[in-house]
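Novice: What Swiss-Prot records for this protein is below:
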- 461, 516: substrate binding site (BINDING)
- 612-623: compositional bias 'Pro residues' (COMPBIAS)
- 50-121: disulfide bond (DISULFID)
- 325-361: disulfide bond (DISULFID)
- 332-354: disulfide bond (DISULFID)
- 77: N-linked glycosylation site (CARBOHYD)
- 125: N-linked glycosylation site (CARBOHYD)
- 128: N-linked glycosylation site (CARBOHYD)
- 161: N-linked glycosylation site (CARBOHYD)
- 184: N-linked glycosylation site (CARBOHYD)
- 202: N-linked glycosylation site (CARBOHYD)
- 260: N-linked glycosylation site (CARBOHYD)
- 299: N-linked glycosylation site (CARBOHYD)
- 308: N-linked glycosylation site (CARBOHYD)
- 347: N-linked glycosylation site (CARBOHYD)
- 474: N-linked glycosylation site (CARBOHYD)
- 504: N-linked glycosylation site (CARBOHYD)
- 625: GPI-anchor amidated serine (LIPID)
- 1-19: signal peptide (SIGNAL)
């Protein structure tokens, strides 16, 4: 798919209360120097923002790694300063397991998950205060949110002054030696990472190598985490469909090397006791999931039809025809296996072949969805989708919040540098060393739970493709998993979805949920999370899977027959820190010419207008064509950004 090249940088918007240019001075930060390497350190600060439950502690900070700290074969000539936000469990943190949370992208901040989905608080519409989240995932689990790879979110290489155009999210490295320009509606200033795409991991496998080094430091030397339960899980979302399998399998491989003394370096011999990899609406494998895009857009359980029959047939043909998407992906993976088997992305020929394959598949099978004017993350919502609210971006630009967190840089929701790095080497079309689907099989064979959870209104990483991935796994339990039927997921008095489960492996369809499932169905999502983390069956939460490892659901062979109603359209909310995703042409123009009335980052005038119900006929507008190698543009020139820039990456 063509991912976005724009940023949604949460720098103060002109006229906002407590607006400022740069982060306030860093104060009250604890510095821990590594006992293994004097050049490695942790800086952190305890705070009581977001998690306000009495007695529950939270910490924000960075793990600082010097240049050339990564594995042999990876050119890492830059510093890595990886941001984390750790929340103790609200209940019995000493005996609670820990889960890492990672958003996708590539280049998206895990603050998306924290503030929009499953963290201890939700930001109010003033973008300056929060409300406690009773469905927070740290109710019973210690949660570690990480911004990765380098330059994502609050992570950085070198603090660098920048300007930001909030109309199109363009970030430009700036020289303020002659003074700092005054902010206005089309110019913001602040401090981020260098914006250098060569100063970050350039593919999923290299990101796994980098995050393993982070984990070695954090789990051994972060002084505020000393649990009795040392189980570690990874939960992730979207492009995390690649991160989850790659990172967890890499961690497991490193564990094996530590055990057999292949790894003997002091400070890098901490075994991570892996428990679960959970993937929410993950884009795991393009080969397996590519046809799910036209399939879902044409025939879904909501009766929404983005394409007519001829458009659908054309897209399917682009996958199967000679020289089409499938053939190009096969060629990409064949040459990668031969010429870049360890996935370092040093081979420019492999990089170009895989880049071209990913771009072709995106253009031919996905991009035309724009023409239906439907939400990429929620097919039942309009393209300018106000849900989940974006208020956290303004919150993370407030001076008092940055001061409480001890941040030396401003916040950016997505890193253009990271996206460029991954895109250039063709990460989207490739698999990692083993292949992401085979990674999941490897984890299951090693006793690690694998949970696939998909909201059924998401287009961009839809449940059709997720189900295909689940059925493509080849492991010792494959036959029994295929025989397992779908059954209801019961949460209190409601049915939240359906699940197919055999032992440690499950695929769950969550009803009435878009891409960020916990934002839509917080109670159901929390219960699914708890059942998986604490070894209970997903359907009822009453059966101990650890005691009954051959547990299997019974029911129908598929779940497509269960249909859904289209929900009411949400009220439009144009948020100036997410203009490309939430604002109309008229509103963007008003912001640009200075006539918009803005309050707490929300455009009050001109008011937004509802789009109307999504198409349910077979004759939506025809997709506009695009030239080879380009991304289609909105016909509205005032926006000046591609449709995929507007949707801002895989979240």
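Cβ coordinates are placed from backbone N, Cα and C, and glycine is handled just like the others.
How buried are these features, and what lies next to them?
Specialist: Annotation for residue 516 (substrate binding site): spatial neighbours 112, 113, 116, 117, 237, 280, 281, 377, 388, 455, 651, criterion Cβ-Cβ under 8 Å with sequence separation of six or more.
With a cut-off of 8 Å between CB atoms and residues at least 6 apart in sequence, the same chain places 58, 87, 114, 115, 119, 120, 121, 130 near residue 50 (disulfide bond), listed in sequence order.
For residue 332 (disulfide bond), the same-chain residues 6+ apart in sequence whose C-beta sits under 8 angstroms from its C-beta are 350, 353, 354, 357, 358, 426, 429, 430. In this structure, residue 332 (disulfide bond) is part of a helix by DSSP.
Sequence-distant contacts (6 or more apart, same chain, Cβ under 8 Å) of residue 77 (N-linked glycosylation site) comprise 67, 68.
Residue 125 (N-linked glycosylation site) has a Cβ environment of 15 other Cβ atoms inside 10 Å. Following the DSSP three-state reduction, the secondary structure of residue 125 (N-linked glycosylation site) is coil.
In this view, residue 161 (N-linked glycosylation site) is surrounded by 17 other Cβ atoms within 10 Å of its Cβ, with every protein chain counted.
Residue 184 (N-linked glycosylation site) falls within a strand when secondary structure is assigned with DSSP.
Cβ environment of residue 202 (N-linked glycosylation site): 345, 421, 422, 424, 425, 427 lie under 8 Å away, each six or more residues apart in the same chain. Residue 202 (N-linked glycosylation site) falls outside any helix or strand according to DSSP and counts as coil.
Around residue 260 (N-linked glycosylation site), taking its Cβ as the centre, 8 other Cβ atoms fall within 10 Å, counting all chains.
In the three-state DSSP reading, residue 299 (N-linked glycosylation site) counts as coil. Residues within less than 8 Å, Cβ to Cβ, of residue 299 (N-linked glycosylation site) and separated from it by at least 6 positions along the same chain comprise 305.
Counting every protein chain shown, the Cβ of residue 347 (N-linked glycosylation site) has 16 other Cβ atoms within 10 Å.
In this structure, residue 474 (N-linked glycosylation site) belongs to neither helix nor strand by DSSP; it is coil.
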Novice: For each of the recorded positions (325, 354, 461), count the other CB atoms lying within 10 A of its CB, then report the residue with the highest count.
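Specialist: The most densely surrounded of these recorded positions is 461.
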Novice: Between the recorded positions 128, 161, 308, 361, which lies closest to residue 260 (N-linked glycosylation site), Cα to Cα?
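Specialist: In terms of Cα distance, residue 260 (N-linked glycosylation site) lies closest to 361.
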Novice: Take the C-alpha atoms of residue 347 (N-linked glycosylation site) and residue 125 (N-linked glycosylation site) and report the distance between them in angstrom, rounded.
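Specialist: Per the Cα atoms, residue 347 (N-linked glycosylation site) and residue 125 (N-linked glycosylation site) stand 48 Å apart.
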Novice: Select the closest residue to residue 125 (N-linked glycosylation site) from the following recorded positions, measuring between CA atoms: 161, 184, 361, 461, 474.
Specialist: 184
Novice: By a 10 A CB contact count over all chains shown, which of the glycosylation sites listed here is most packed: 184, 308, 474, 504?
Specialist: 504
Novice: List only the single closest residue to residue 461 (substrate binding site), chosen from the recorded positions 325, 361, 474 by CA-CA distance.
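Specialist: Considering only the listed recorded positions, the nearest one is 361.
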Novice: Can you tell which of the glycosylation sites 128, 161, 308, 474, 504 lies nearest to residue 361 (disulfide bond) in space, using Cα positions?
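Specialist: Comparing Cα positions, the candidate nearest residue 361 (disulfide bond) turns out to be 308.
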Novice: Quick check: in three-state DSSP terms, what is residue 461 (substrate binding site)?
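Specialist: Residue 461 (substrate binding site) sits in coil per DSSP, no helix or strand.
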Novice: A 10 Å Cβ contact count, applied to the disulfide-bonded residues 121, 361: which residue has the minimum?
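Specialist: Relative to the other disulfide-bonded residues in 121, 361, 121 has the fewest Cβ atoms within 10 Å.
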